[in-house]
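Colleague: My questions all concern the structure below.
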Amino acid sequence: MDYFWIFSAETWTLLLLFTSLLLLYGYWPYKYFVKLGIPGPKPLPLFGTMLEYRKGFHAFDMECYRKYGKIWGIFDGREPVLSIADQTIVKSILVKECYTYFTNRRDVGLNGELYDALFVTKDEDWKRIRNHLSPSFTSGRLKEMFGIMKTHTNTLVKNLEKSSKNTEGCFIYMYMFRVFGAYSMDVITSTAFSVDIDSMNNPKDPFVTNIKKMLDIDFLSPIFIIAMVFPFALPLLENMKISFFPQSVSDFFLGSLKKIKTEREAKNHKVQLHDHEILSQSMSFIFAGYETSSSTLSFFFYNIATNPETMKKLQQEIDQTFPNKTPVNYDAVMNMEYLEAALNESMRLFPVVARLERVCKETIEINGLTIPQGTSIMIPVFPLHRDPEYWSDPSTFNPERFTKGNKENVDPYVYMPFGSGPRNCIGMRFALLAMKLAIVEILQRFDVINPDPNQVKLLYIHNILCTVRENLL
C-alpha cells in the first residue's frame, strides 16, 4: 500500500516544515565555536555534548583536555560552554576580572526555594548575602563551633569502634562513605539548624530523610535535559512549581527555621537577612557541604589506606601534637603541617567539585582569547589537578608536594579544590576544620587497612561532584 496518500498535501507540508524547524533549532547554535576558531567535540542535534557526561564529568573533561589543549568548546544541550584550563586566563576570570566581567555563576533555573541561595544569586544580591555570611566563618566563630564538632567526632569514633571490633583496632575504609556521611550531616545540621541528630543510628530522623531527598539530584535527569534542550520551557516549568529540589523538603526546613527564629528572637538575636534568604542559605549549606565533606574524607582515607607510610607519618605528628591522647584543641589542629599537606594532596588527586563555572557579563579579550557577552565559562578542575606540566608524576599520592618549602611552588590557579577568588567556597575553613578534626580523632585510635585494592571501585560520578560509591566492593 502506498502510505504517501494517507495524508493530505497540507499535512505533509506542515510535517516537512516542522521537521525543518526542528533541525534548524537543533543545529543552529553549533557554529558558535567554529566562528570563534575554538576546537571541541562534535555536538549532537539538541543534546549537544551532554550525553558524554555518562562517562563522568571528570573523564570527559580529561579526554577533551588531552585532545584539544587548554581551551575548547562544548554544548550543554543548545548552550555553548567555553572550557578554559589556561592558568593565566583562569586567574583573570576568577580574580582580576571577577567583579567587572565574571561575577556570576551559570544558573540553569528550576532552583525552587533556593532561588536566593548564595550560589545562585547575582551581582549586588550576592555581595550583600556574602558579606552577611562571611562573619560566620571567622576564626573566632570556628573556635566556638569546634566544641560542637568534637561532640560529633566522639559519635563518629564510637560508630567506628563498633565496626572495628572484629578487625583488631583497624578501620576498614570500605564502609567509609556511610560513616563520614553521617558525621558530615550531624555537623552541618547542628550548626545550621541547631539540631543534634545521630544520623548513623537514626536513619529515619526527618532531618536525615529530607536531606537525602534534597541531595538526590541527577544532572542527566529528564528535567535537567529538558532545561538544557528547551530552555524556553523553563518559565512554564517554574510556574508549575517543578524544580530540582522537592517542595516538601523546602517546607520541612522552613518549618524548622521558623522554630529556631522564634527561639533566637526571644534571646534578642539580630538577623540581617530575610526569612527566605536564611532558609536558602541553610539549605545550600547542607547541599554544598554534606556530600563534598563526606567524599573528601572518604578519598583521604582511601589514599592513606593505600599509602601506609603516609598514615604512619601522620600518626607520628598526631602523637607529638597530642601526646597520650590529650584532648584535641583548635589551634593545635590548625597548625599541623603534615596533616594539611596530606589533606591537600588528597584533594588534588580527587577534587570533589570537578568544575567551576562563571558567566561573562560583557565581551572581553584576555590573552588573545575573545569571550563574547553571555558566554558560560567552565574551568575543569580535575584535569588541572592531574596535569604533568604542573605536577610531577601527577597520579601518585605524594603529600610532600604541599610541605613547607614545596607548597610555595604550587600555582594557586592549577590547584583549586574550593575554587578561587571572591566567589570561592565560603565554607572552606569550616569544612577543613571539621575534616581535620575527624582525621586526628580517628588516627589517634585506629589504623586504616585496605582489604583488597584490586576489587575496590572508587569513583562514582552522577553529577558535577566526584563522590565515593556507597558499596565499594
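Cβ atoms are placed via backbone N, Cα and C, with glycine included.
Summarising the annotation, TrEMBL assigns heme binding site to Cys425. Feature annotation from TrEMBL assigns transmembrane segment to 12-30, 219-237.
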Colleague: At a C-beta cut-off of under 8 Å, are there same-chain residues at least 6 beyond the transmembrane segment (219-237) that contact it? List them, or none.
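Modeller: Same-chain residues near the transmembrane segment (219-237) but 6 or more away: 46-48, 50, 53-54, 76-79, 108-110, 244, 462-464.
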Colleague: Can you give me the same-chain residues 6 or more apart in sequence from Cys425 (heme binding site) with a CB-CB distance under 8 Å?
Modeller: Ala288, Phe418, Gly419, Ala431
Colleague: Using DSSP and collapsing to three states, where does Cys425 (heme binding site) fall: helix, strand or coil?
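Modeller: Looking at the DSSP assignment, Cys425 (heme binding site) belongs to neither helix nor strand, so coil.
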